[in-house]
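Enquirer: Pasting in a structure now, in structure tokens, and then I'll have a few things to ask.
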Amino acid sequence: MNQFKVISKFNPTGDQPKAIKSIAKGIEKREKFQTLIGVTGSGKTFTMANIIEKVQKPTLVLAHNKTLAAQLCSEFREFFPNNAVEYFVSYYDYYQPEAYVAQSDTYIEKDASINDEIDKLRHSATSALFERKDVIIVASVSCIYGLGNPEEYKKLTISLREGMEKDRDEIIKKLVEIQYERNDIDFSRGTFRVKGDVLDIFPASSSSKAVRVEFFGDEIDRIKEFDVLTGETITKLKHISIFPASHFATSKDRLEVAIKDIEEELEERVKELVSQDKILEAQRLKQRTNFDIEMMREVGYCTGIENYSRVLDGRAKGTPPQTLLDYFPQDFLLFIDESHVTLPQVKAMQAGDKSRKDSLVEYGFRLPCAYDNRPLTFKEFENKLNQVVFVSATPAKYELEYSTNTAEQVIRPTGLLDPEIIVKPVKGQIDDLYTSIQETIKRGFRILVTTLTKKMAEDLTDYLKEMGVKTRYLHSDIDTIERMKIIHDLRKGEFHVLVGINLLREGLDIPEVALVTILDADKEGFLRSETSLIQTVGRAARNSESKVIMYGDVITKSMEKTIKETNRRRKIQMEYNEEYGIVPKTIIKDIREVIQISDIAEERKEYDNLNEALKSYNNDIDKLIEKYEEEMKEAAQNLQFEKAAHLRDVIYKLKKDKETEL
């Protein structure tokens, strides 16, 4: 069995060894909840990697968005090149859920664009859990959504061995049952092809490698893995497991039982609707459900089959759905990254889903069993947990209340200190701010200014521009790409001051920033809470010459706690630096890290100028669509989701224009 092994030229330093030892010991002692408090730049991911190596448990790392999950996955792959590090997020590039708006009698059909590459990665993640123990899966909150029964998934797996007596046609039938399609021409993921005694299978978890099974009569003579593009043999295999092409694949026996249950529920619900004098709704439900049943009987699945997942799984009404958490063995470990943001997200998921389903069930679009195709409630999520480590610079009440052990990671290996905090009165704050900005610009650094309202942010931006200061305003209407472009320009020095409201917290690490100012710091509220203030102060923690100015006439409890905590961390780091002779030094990351993303914003302009693009293709709209489709697939393969989604929208527009012309 493969062991987790961290590969790195660095060894744990500062607070890392102590934190690793403390958390690992807690895991060995069966502590259920622990917290790792780690400041910005202290190497929390490296600590997590070393904990995984120590405890040797299959691990799930939960992040609060796709981008952060991709970043963490990339870092873990660097630390664990010889282990399975997988990525599991929502596979929708675009998703419009099914809904019904009663006021306008509008039914909105489910519309989705599935990213084939992410679907492959999801299959790779689940199959890895059945094949090995050394698995790390980095996931978004998508992992608390229904995924199909892991027992059924495992039961439907086709196991093939060299020398095994197996009828070729029987294997083909089983492949169809687990939702593989026969395609002798377009051989792609989730398909198989047959030529004489040779059966080629393209696994759902692969993008470039397929499996060739050669028969001699009814015996499997040879199994080999080959490159789909070149046809060259990669390796000879003694055994291969073919996992289902869909997580919702169901055996024929189970499907027949499920169909009977669906028919019974339909009969009951139709009677109920008729008794309420809802004849139209009853007729609609009967028609839609019978069509789905017919599809299931014919091809084994139907559009929206997930709405019947509770019946297909044989679960009782109201019981929690099976999720990625159920695919893990019982002794798995869970890290919840940025837990102060991620946990509230998990808590909010189920309520929104139920309110949408209410009208679908009430007006006869769905059976009541659709309610159980949902994310986990927070209580259900808690019940599925084994051992959890919350990771945050500012853990919330829940984490601190439930944790029986807390490890702190304050010391940064770089020696950088938390910034000095200065409190100044509100009166004359704009004049003082202007003076502080000029001083910081002279030293060659940048400035972040956080305000309480949109109006104030806009007015302040206009004022600073009038005073000759190069200023930009980062507001909530700006999309991810444009936001990254603005940050890129700030780092390059295209402008010097960035003004924002609630946008200067997690994930905005700019080493060139030497001044962070917080206007109206004494106005208590969620934007000026202790958590919010500590996160905002952390934005200045990448520069050795940085400071934070809080403008307020009184020192609130949140301000007091933030100042006290920052000073405590400064003291610890200063003592460490003195002991080991470390001189704090700003580490300026290569600006190219952001250029890759900001380049997409430039590409958008190119894609949006369709008239120019068509001219360069002699007005051949089909050729242009073909080019953009290739670029979209390439972008998705490189996990450039924003670019892929934008290209999809451009292609859709071109196809619409083409239809109009016809």
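Every residue, even glycine, has its Cβ placed from backbone N, Cα and C.
Copied straight from Swiss-Prot:
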BINDING   GLY38, VAL39, THR40, GLY41, SER42, GLY43, LYS44, THR45  ATP binding site
DOMAIN    25-182  domain 'Helicase ATP-binding'
DOMAIN    429-595  domain 'Helicase C-terminal'
DOMAIN    622-657  domain 'UVR'
MOTIF     91-114  motif 'Beta-hairpin'
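Give me the lay of the land around each of these features.
Expert: Counted within 10 Å of its Cβ, the other Cβ atoms near GLY41 (ATP binding site) come to 18, all protein chains included.
Confidence for the domain 'Helicase C-terminal' (429-595), expressed as mean pLDDT, is 87.
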Enquirer: Quick check: which same-chain residues outside GLY38, VAL39, THR40, GLY41, SER42, GLY43, LYS44, THR45 lie with their CB within 8 A of the centre of the ATP site CB atoms?
Expert: THR47, ALA393, GLN409, ARG412
Enquirer: Indicate whether GLY38 (ATP binding site) is helix, strand or coil by DSSP.
Expert: strand
Enquirer: Return the count of C-beta atoms lying within 10 angstroms of the C-beta of VAL39 (ATP binding site), excluding that atom itself.
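Expert: Step by step: centre on the Cβ of VAL39 (ATP binding site), count other Cβ atoms within 10 Å, giving 25.
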